[in-house]
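Visitor: Okay, here's the structure, questions in a sec.
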Amino acid sequence: MFKKAMKKKLIPFAAMSTIAISGLLGGGTGSVDAAEKKESEIKNIIFLVGDGMGTSYTTAQRYMKDNKETQEMEPTAFDPDLVGLQSTYPYAQNTITDSAAAGTALATGNKTYNGAVSVDPNKKEVKTVLEQAKEKGLATGLVTTSDITDATPAAFGAHDPDRKNKDGIADDYYNEMINGEHKIDVILGGGLTNFKRDDSDLTKAFQEDGYSYVSKREDMLKDDNKQVLGLFSEVGMPKMLDRSEEDPSLKEMTDSALERLEQDEDGFFLMVEGSQIDWAAHDHDIVGAMSEVEDFERAYESAIEFAKKDKHTLVVATADHSTGGFTLGANDKNGSGVQKWVPEAVKAAKRTPDFMAQQIADGESVESVLGKYLDLELTKEEINSVKEAAKNAQQVDDETGNMKKVDESALVTNIDNAIERIIDAHSYTGWTTTAHTGEDVPVYAYGPGKEMFAGMSDNVDQAKRMFKILEENHKGNGDSEKIKFSDINEKTFGYEAIMALAEKGIVKGSNGKFNPSQQLTRVQAAIMLQRALDLPVPQDLNSFKDVDKDAEYAEAVAALKEAGIFNGYGDGTFGVNDKLSREQMASVLVKAFDLKKNNKEVNLSDLDSVSPSHKENVKILYQNGITTGKEDGTYAPFEKIKRDQFSVFMHRVLTK
């Protein structure tokens, strides 16, 4: 704790305006219009991760797309943009990475242990590229076909020592803020289970803060809000081959994200993950894996199409690791090596083996399901192998001799594995493991700056390069001449106050919007006050139980507590996301700006309903002309203050 008395470093608002204007008008010699962008400027970054997509999968995709009538094999959408290879090992170099450690490397530039989500080996939080982008004023997004709290998206948007803490990761998405705003503007994927829980409903919390919430493809396509939470399944989304009309594709989610994010004049960072290449490969499901590679390729094509039109978007795609030890070519049923891989056998499946297995487990006959969804000439032996798989899941109780209750999960798995073995045999697909493998993975890049990603690299290099790009291409973000909010204009309540505060960096928007009617949280108020007051920050940032010392708002909260402006609650918490009431605002402003009482009569009809701890400060706020009460003569002490209202009150204090 510091010893000296606190002094407020508050510059008179009129003086600040004069300084700012003279700085803008004086001495400039540049003649080039700032709107003219250099050809090499990188405004936006789209980073795509094919989870588990090693080179065997991209090679197989070439086979899948091949036109047999031509001599040459047709390329994939990835092929023209191949720039290099990437190593994938985690912090412990003798192990093979999991998605959490690999995601952390790609998102932060740091090696860590398997299971860690953007924390270092000592479990200390490390900044992500997405967080850096938000600090620079860019819009941000996460898109995935897994649950949005799974390892890869979590590594870009959260911090946790254990990837399994998915409820905590969902909480991070809501609670962790940058410049007083939620750090992720577009969140699309699965994972409703982690957001809508007995102890919390984050879908409502996000909506209260101005986000749209969508759960179906049609709703996502119709919605045009710049900030959206889209959760389309309880956990992971269905694979491409098994989707219904209510399920958006990865391409559609990517397009929806781009339509929203591109509206931010400062640019955006978007991470897109094709998650279930990995999931299918763990299961030795070549049909599901190639379905997901196709889904990922279509999303990649959308990103490239956007970049070609925009001219200032860098697209980078890679994998976090490979999975399954997948080989194109395997021994036949007699154990003899066969030098071929038959993609037609993979294409013959109209649904994944998982889907077919579930249909059989639900009571449909094996012959009916295989005849409907698998266009292969099957032998009686192969059909019987599926029947036997279903039968083997039912076990006899040794004591009674009766059949035990069927374990549906085991039943589906047995049937699924039997169908997968049939397709593997027809396609000559081989597998070596149900886990990850350690080979290098491809790196693809398109757009300005793509040369930075060329050659042999390590997974940490991708984040380091993106940090550098953000630093070099977004130095001026937040300058007063760039400030513009799409959701307010001269007719908006408090417009002049909002813009005046924005010029000084006291208030900031998100995704090009100010969100004037959004209720203000206590932590947002703390950040705004600290920007205005520039109070000294104590060494000890453990000011309240619910304020992590590594949180971006920790310094502001600690400084205001030390100055006696915010006292918190009796249980030792600050109430980070609690909305600030009008009576609380009165006490905060009176303390922050040292307002004094005078003899002016206070005419507020509900003054006696104000809490005793705030009543005197409400009177002082009125006596100083900062509030005149509402139109009906009340103060409404318990009403939650909105962002536009708080801006007006702060502006009045600063110009008093």
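Heads up, the Cβ atoms here are built off N, Cα and C, so glycines get one too.
Quick caveat, the model's predicted, so the values are computed rather than measured.
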Visitor: Taking TrEMBL at its word that Asp150, Thr152, Glu273 bind Mg(2+), choose the one of Asp51, Asp375, Asp407 listed for that site.
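Guide: For Mg(2+), TrEMBL names Asp150, Thr152, Glu273; of Asp51, Asp375, Asp407, the listed one is Asp51.
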Visitor: Near Asp51 (Zn(2+) binding site), which of the recorded positions Ser99, Asp150, Thr152, Glu273 can be found within 10 Å, Cα to Cα?
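Guide: Near Asp51 (Zn(2+) binding site) by Cα: Ser99, Thr152, Glu273.
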Visitor: If you measure from the C-alpha of Asp150 (Mg(2+) binding site), which of the recorded positions Ser99, Asp278, His282, His321 fall inside 10 Å?
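Guide: So far as Cα distances go, the recorded positions lying within 10 Å of Asp150 (Mg(2+) binding site) are Ser99.
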Visitor: Which one is it: of the recorded positions Ser99, Thr152, Glu273, whose Cα lies the shortest distance from the Cα of Asp320 (Zn(2+) binding site)?
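Guide: Minimum Cα distance from Asp320 (Zn(2+) binding site) across Ser99, Thr152, Glu273 lands on Ser99.
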Visitor: Listing them in sequence order, which of the recorded positions Ser99, Thr152, Glu273 have their Cα within 10 Å of that of His321 (Zn(2+) binding site)?
Guide: Ser99
Visitor: Might you list, by sequence position, any residue in that chain lying six or more from Asp278 (Zn(2+) binding site) with a Cβ less than 8 Å away from its Cβ?
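Guide: Looking at Cβ-Cβ distances below 8 Å from Asp278 (Zn(2+) binding site), excluding near sequence neighbours, one finds Asp51, Gly52, Met53, Ser99, Thr323.
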Visitor: What is the separation, in Å, between the Cα atoms of Thr152 (Mg(2+) binding site) and His436 (Zn(2+) binding site)?
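Guide: Given the Cα positions, Thr152 (Mg(2+) binding site) is 15 Å from His436 (Zn(2+) binding site).
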Visitor: Over the domain 'SLH' (481-539), work out the mean pLDDT and round it to an integer.
Guide: 87
